[in-house]
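Reading through the structure tokens given below for one structure.
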Amino acid sequence: MGFLVDTQKEGGGHSWGCVRSLVRRKQVDSAANGHSHHQQLAKALTVSHLVAIGVGATIGAGVYILVGTVAREHSGPSLALSFLIAGIAAALSAFCYAELSSRCPSAGSAYHYSYICVGEGVAWLIGWALILEYTIGGSAVARGISPNLALIFGGEDGLPSFLARQQIPGLDVIVDPCAAILVFIVTGFLCLGIKESTFAQGIVTAVNVCVLLFVIVAGSYLGFKTGWAGYELPTGLFPFGVDGMFAGSATVFFAFIGFDSLASTAEEVKNPQRDLPIGIGLALFLCCSLYMMVSIVIVGLVPYYAMDPDTPISSAFASHDMQWAVYLITLGAVMALCSALMGSLLPQPRILMAMARDGLLPSVFSDVNRRTQVPVKATVATGLCAATLSFFLDVSQLAGMVSVGTLLAFTMVAISVLILRYVPPDELPLPASLQDRIDPVSVIPGETKSSHHVGTSSNSTKQPLIGENDASVMEKQEALGFWVLSEENRRKVGGWSIMFTCIGAFLLSYSASSINFPGFIRYPLCGIGGSLLLAGLIALSSIDQDDARHTFGHSGGFICPLVPLLPIICILINMYLLVNLG
């Protein structure tokens, strides 16, 4: 259980060499407190700002294309149900993010949570996965803006020559000046300040949402007028079967992966314990509602097999003699791409800053501008890298790596919630006033009073229900069905159970997806994976959660429900999607 061992002590990582440095963990606020000579980020964001960031980063131009492709190949008229199932799956990750972001409100998102709960080695991998995700994702989005802009200005050749795509003579390279210029503009906005850049993103997102509302209202009018031809099909609601609907939900799940950018702004939220969970929840609810309503309207206007896979919404309105609406929908697609570009470039400087604070990157990236209270150097470095990629490379083939980084982050956040509940890391000492109230109370028999066991503080080993005697505590545990274990043994059971759960989820996902495997290998692997997963779930459900979770980080925020079931389902879904990526 090396990955659960807390070895984070100041200057204590040398005796174990590289191995110890990979598994050491930091305390919740160690990064910020240890670098107090740096100017801190501005506390400027409220719920409305967070919703603007979340919706803007989530609803990209994919909605204008995705509905056609998924309806034609997977879901048919049941597309809205596919979006609903994908939204519920994304909500599982949102619950985990909401608890960790309110308990550990620091820049860095999943990187920060991994460093606190799992260890430096995993955090380093997650940090680089997120950096690749945001860089490649932002570059891919920027490359997609110029063709849509050209349509608004009259066609593929509508842009001025200095903005249009050009092929370098003698090389098979097509440069895109428009994409690079847009990245520089967005970088400039981000350097002005978090409030200013969020205001700009809010305007762009509002235009996009207004276009989607127009699609819903005008499309509903056309549907009631023409009789909803897409729903009057002999194949019914599930032309590809229920399996097709679930396959469609796995595809559209990636339309929800933008909300994780909210967690990276946690250090800039005025009241993170209250505002972050509300912001994450509202953003996800609005996105899911818009996706479902748009899909309900579009698959009703045009039969799923007749949809244009490239421009499903535009072609649906054009087929009903509303050619002018095509320009409005194209404008919405451009606005969606611009807001998604801002959503991709906003979190990355904060990831760089968090890694630089912890000494995993050069300290220059941790500098915060005193006037704008933004990590300007990290932002400029991000902009230069993304602009170069978008100018020279067609990064659409690398866009799948965006999903890899996000799914790794989602999985690690769910694992971190389990660790926080059952084997929480070392925490800061309790206040003296509270300690005086706890010390006189005797602890549960069999509990160790030593503080040398892994991953917990001396205070977390003796936190009974104050005012109850030993017998009443044990009776209550037995009545609830908990195993009466010593604190050290309970933590060992919890740690091993989490590890078996993760291994089981991976084996089950991998073997269930590997349909080319011979049956004598595939089915035993499925059985082993399912057994490990079920055993881990039963063990975690049977033991009590660690009392130290109540004082871990900043208490008083959102508490993830249905632990351990909800995080384990989240791990299983994300691992299944991860092993099924192209």
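Glycine is no exception: its Cβ is also placed from the backbone N, Cα and C atoms.
Where the annotation comes from TrEMBL, it is an automatic prediction and has not been curated.
So that you can see what the record holds, here are the features copied from TrEMBL:
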- 44-67: transmembrane segment (TRANSMEM)
- 79-98: transmembrane segment (TRANSMEM)
- 173-194: transmembrane segment (TRANSMEM)
- 206-224: transmembrane segment (TRANSMEM)
- 236-259: transmembrane segment (TRANSMEM)
- 280-304: transmembrane segment (TRANSMEM)
- 324-346: transmembrane segment (TRANSMEM)
- 374-393: transmembrane segment (TRANSMEM)
- 399-420: transmembrane segment (TRANSMEM)
- 493-515: transmembrane segment (TRANSMEM)
- 521-543: transmembrane segment (TRANSMEM)
- 555-579: transmembrane segment (TRANSMEM)
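Contact between the transmembrane segment (280-304) and the transmembrane segment (173-194) is not supported: fewer than 3 Cβ pairs lie under 8 Å, counting only residues 6 or more apart in sequence.
Proximity of the transmembrane segment (44-67) to the transmembrane segment (206-224) is established through 3 or more Cβ-Cβ distances under 8 Å for residue pairs spaced 6 or more apart. Taking pairs at least six residues apart, the transmembrane segment (79-98) and the transmembrane segment (324-346) share fewer than three Cβ pairs below 8 Å and do not count as touching. Remote same-chain residues near the transmembrane segment (493-515) are listed as 1, 3-4, 415, 418-419, 422-423, 454-455, 483, 485, 521-523, 525-526, 528-537, 539-540, 543, 546, 564, 568, 571-572, 575-576, 578-580 (criterion: CB distance under 8 Å, separation of at least six residues from the stretch ends).
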